[in-house]
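S.K.: Copied straight from Swiss-Prot:
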- 1-29: topological domain 'Extracellular' (TOPO_DOM)
- N3: N-linked glycosylation site (CARBOHYD)
- 30-50: transmembrane segment (TRANSMEM)
- 51-55: topological domain 'Cytoplasmic' (TOPO_DOM)
- 56-76: transmembrane segment (TRANSMEM)
- 77-96: topological domain 'Extracellular' (TOPO_DOM)
- 97-117: transmembrane segment (TRANSMEM)
- 118-139: topological domain 'Cytoplasmic' (TOPO_DOM)
- 140-160: transmembrane segment (TRANSMEM)
- 161-188: topological domain 'Extracellular' (TOPO_DOM)
- N161: N-linked glycosylation site (CARBOHYD)
- 189-209: transmembrane segment (TRANSMEM)
- 210-234: topological domain 'Cytoplasmic' (TOPO_DOM)
- 235-255: transmembrane segment (TRANSMEM)
- 256-278: topological domain 'Extracellular' (TOPO_DOM)
- 279-299: transmembrane segment (TRANSMEM)
- 300-305: topological domain 'Cytoplasmic' (TOPO_DOM)
Amino acid sequence: MDNTTTTEPPKQPCTRNTLITQQIIPMLYCVVFITGVLLNGISGWIFFYVPSSKSFIIYLKNIVVADFLMGLTFPFKVLSDSGLGPWQLNVFVFRVSAVIFYVNMYVSIAFFGLISFDRYYKIVKPLLVSIVQSVNYSKVLSVLVWVLMLLLAVPNIILTNQSVKDVTNIQCMELKNELGRKWHKASNYVFVSIFWIVFLLLTVFYMAITRKIFKSHLKSRKNSISVKRKSSRNIFSIVLAFVACFAPYHVARIPYTKSQTEGHYSCQAKETLLYTKEFTLLLSAANVCLDPISISSYASRLEKS
């Protein structure tokens, strides 16, 4: 007679590798912050001497502003993730600082799309005169981009209004009410969609630009063509930085969001998605170091031209 009984082993609580989340990632953000502040400071000082006489310049200046504001949120994340700040700082990061980070990241992404559209018109269809190429139109469009991103993001601040249950283990989603969790999920889908739409536009527009430059180069070797090629080479470097920095994060973002808002994910899956999201988000943050290099290079060419 078999008297043995089987019992399921108790579920192990989810644990995080504190070496990764509290030491390595904060340290890397420190490096990105210091480098970004220096490079954006130099870039801003150089670039804002360039008159806002072209749509392209206006869009680049907005990217400089967005990168600078995004960089200002890094110290809060470093102190929060490393456990050096009080629990109130963690709440501030979840409610405010992280939202500001994402607003400025997607503002930058939107302006990358507008830059590609502007370059397409200037290089591929130079004889077409359109209102979209006017400076005033570009300024209005810039304001609309900022307003749209704020309208999508600010509810994440307002709806993150629940009291803290455990100051030793504060979870972002626990601070949101029911509507806040739904808005968080929906707004993330919208933001990710914005990225992939911009990515598609960049691909289409720059393929057309490459074809135009190649055909022009075959027909003529005049200086104007050389100038166009040099200008476009600078833009391609910006696009390369865009893809390298932002694409990995937006591949990882949707699975991570689903793991936050849906209950059927295992502990191991949640942790894997968390680490993937954090490292790819760090890569996106590193864009604040790459943009100033490309932008300053372009500004110096404008001064010489």
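Even glycines carry a Cβ here, placed using N, Cα and C.
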S.K.: List every residue in the same chain as N161 (N-linked glycosylation site), at least 6 positions away in sequence, whose Cβ is under 8 Å from its Cβ.
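M.R.: Once residues fewer than 6 apart are set aside, N161 (N-linked glycosylation site) is near L175, K176, N177, G180.
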S.K.: So, does the transmembrane segment (279-299) come close enough to the transmembrane segment (30-50) to give 3+ Cβ pairs below 8 Å, pairs being at least 6 apart in sequence?
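M.R.: Yes, the transmembrane segment (30-50) contacts the transmembrane segment (279-299).
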S.K.: Please average pLDDT over the topological domain 'Cytoplasmic' (210-234) for the predicted structure.
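M.R.: So the average pLDDT across the topological domain 'Cytoplasmic' (210-234) works out to 64.
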S.K.: Is it true that the transmembrane segment (235-255) and the transmembrane segment (140-160) have 3 or more CB pairs under 8 Å, sequence gap of 6 or more?
M.R.: no
S.K.: Taking the transmembrane segment (279-299) as the first stretch and the transmembrane segment (140-160) as the second, find out whether 3 or more Cβ pairs fall under 8 Å, excluding pairs closer than 6 in sequence.
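M.R.: Counting Cβ pairs under 8 Å, fewer than 3, so no.
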S.K.: For the topological domain 'Extracellular' (77-96), give me same-chain residues lying six or more residues beyond its boundaries with a C-beta closer than 8 angstroms to one of its C-beta atoms, as numbers and ranges.
M.R.: 21-23, 25-26, 29-30, 33, 157, 160, 164, 167-168, 170, 172, 175
S.K.: Can you name the far-off residues of the same chain, 6+ from the ends of the topological domain 'Extracellular' (161-188), with a Cβ under 8 Å from a Cβ of it?
M.R.: 87, 90-91, 94-95, 98, 152-153, 155, 253-254, 257, 260-261
S.K.: Who are the chain neighbours of the topological domain 'Cytoplasmic' (51-55) in space, where the CB to CB distance is under 8 Å and they lie at least 6 residues beyond its ends?
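M.R.: Apart from its flanks, the topological domain 'Cytoplasmic' (51-55) reaches 61, 114, 118, 132-135, 137-139.
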S.K.: Of the residues in the topological domain 'Cytoplasmic' (51-55), how many are helix, strand and coil by DSSP?
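M.R.: Computed counts for the topological domain 'Cytoplasmic' (51-55) are 1 helix, 0 strand, 4 coil.
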